[in-house]
Amino acid sequence: MKTLAKLHAEKGIWMTDVPHPDCGHNDVVIKISKTAICGTDMHIYQWDDWAQNTIPVPMTVGHEFVGVITEVGPEVSGFKIGDRVSGEGHITCGHCRNCRAGRRHLCRKTLGVGVNRTGAFAEYLVIPASNAFKIPNNISDDMAAIFDPFGNATHTALSFDLIGEDVLITGAGPIGAMAAAIAKHVGARNVVITDVNDFRLDLAKKMGATRTVNVSRESLKDVMTEIDMHEGFDVGLEMSGNDMAFRSMLECMNHGGKIAMLGIPGKDTLIDWNQVIFKGLIIKGIYGREMYETWYKMVAMLQSGLDISPIITHRFKVDEFQQGFDTMGSGLSGKVILDWN
C-alpha cells in the first residue's frame, strides 16, 4: 500500500510502498479517506532536534485522519465493517493508575500514532478498536479529519468555565483559532487573540475572535483599554509556546485568573513568579484530548452550530503532498487536507 514516510534522517517526507497491515485481535483496519497535516508533522518534515531525538527511521507518519473500517479483530465489539471513524492518536497502556482511573490522557506510557508507531499517512491504518471514534452522518470527512487538533483546542478551551468571561489566547495557529471559535460558542464575552502573523490573525477573526492583536504593532494593554477592560483577563489559553507571549499573558491576567497551557515554552523560559503567586493564578498543563469526553464535546458543539470550517484553507490530492507540506510551512494557511480517495 501507499504511504508517506520518513525514510531518511534528513529534511523531507517520501511516498513509498509498504505491506498491508495485519489486524490484531482487538484492532480495526481503517481505509483512510482524508488526512490533515499537523504541526508535529512539520517538525518531522523539517527534521528538527525534537524529531531527531524522537522519530524512528524509517516510519510512516501522520495522525490526523478519517476513514472507513474494512476489517475488525475477532475480539472487537461495538464496531463493524463500513463504520466511518476517526481515532485517538494516543495509544495508552490501560494498566497504569491514570488509565485505570479513567484519566487515559495522562498515561505515562502513551505511544503516539505517527510518532512512536506507524502513522495514518497511508492507504490503511491499524489501531486498537478502543481508539476508534464513530463519526455521525452530519459531520463531514473534512471536519472529522481534523478532530485531533480540534480536540486539542476543545480540551484547552473547556478546561475552565468561559461563560461571561474575558479570554486571552496567545498564538493564532489553527488550534488557537479553533479555540477562539469554541470560546465564543460557549459564551465568552471578549475573546482576544495575539500573534505576529497577519494571515493567521485574519483567520482567527473569521473564526469568531472579538479582537485580534498583532503584538509587533500593537500593545495588548492598549487593546484592553480600547475594549473597556479594567481588571485583566479571566482565562488565558496559551497556544504559542512563545516565551514573550506567555510573559505578556501573565502580566495581563486578572487576579484569580486561570491559564490552560497547550503551547510548550522553552526549557529555560524565565517568568516573573510574582505574577503567578500574588495574583493567585491557576496554571493547568494540557496534553492531547480527554478520552473520550473531549470527543463527545466536539461532536456536540458541531451539531449545535459551531462552525470551524474556515480553518481548512487548502486541499490537495495525496500525490500532491509536497505542495501540502510547502503550504503548511509557509505560514499562510490554516489546516491542510490530503485526499486519499
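Just so you know, glycine gets a Cβ as well, placed from its N, Cα and C.
The shown structure was predicted, so the numbers you read here are calculated from the model rather than taken from an experiment.
The annotation Zn(2+) 1 binding site is assigned in Swiss-Prot to Cys38, His63, Glu64. Annotation comment: Swiss-Prot describes Thr40, His43 as active site, charge relay system, evidence class sequence analysis. Here Swiss-Prot flags Cys93, Cys96, Cys99, Cys107 as Zn(2+) 2 binding site, drawing on sequence analysis. If you look up Swiss-Prot, you'll see Ile175, Asp195, Arg200, Leu262, Gly263, Ile264, Ile286, Tyr287 marked as NAD(+) binding site.
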Gly263 (NAD(+) binding site) and His43 (active site, charge relay system), distance between Cα atoms, whole Å: 14
Spatially closest candidate among His63, Asp195, Ile264, Tyr287, the listed binding-site residues, to Cys93 (Zn(2+) 2 binding site) (Cα to Cα): Tyr287
Residues within 8 Å of the Cys93, Cys96, Cys99, Cys107 Cβ centre (excluding the Zn(2+) 2 site residues themselves): Thr92, Gly94, His95, Arg97, Asn98, Arg100, Arg104, Arg108, Lys109, Thr110
Number of other Cβ atoms within 10 Å of the Cβ of Cys99 (Zn(2+) 2 binding site) across all protein chains: 19
Other CB atoms within 10 A, centred on His43 (active site, charge relay system): 17
Residues within 8 Å of the Cys38, His63, Glu64 Cβ centre (excluding the Zn(2+) 1 site residues themselves): Thr35, Ala36, Ile37, Thr40, Asp41, Gly62, Phe65, Gly89, Gly114, Ala120, Asp148, Pro149
Listed binding-site residues (Cys38, Cys93), ranked by Cβ neighbours within 10 Å, top entry: Cys38
Distance from Cys107 (Zn(2+) 2 binding site) back to Gly263 (NAD(+) binding site), taken between C-alpha atoms, in Å: 19
Between Leu262 (NAD(+) binding site) and Cys99 (Zn(2+) 2 binding site): CA-CA distance (Å): 21
Binding-site residues listed as Cys96, Ile175, Ile264, Ile286, least Cβ neighbours within 10 Å: Ile264
Secondary-structure category, per DSSP, in which Leu262 (NAD(+) binding site) falls: coil
Shortest C-alpha distance to Asp195 (NAD(+) binding site) - which of the recorded positions Thr40, His63, Glu64, Cys96, Cys107: Thr40
Spatial neighbours of His63 (Zn(2+) 1 binding site) that are distant in sequence (at least 6 apart) but have CB under 8 A: Cys38, Thr40, Asp41, Gly89, Gly112, Val113, Gly114, Val115, Gly119, Ala120, Asp148
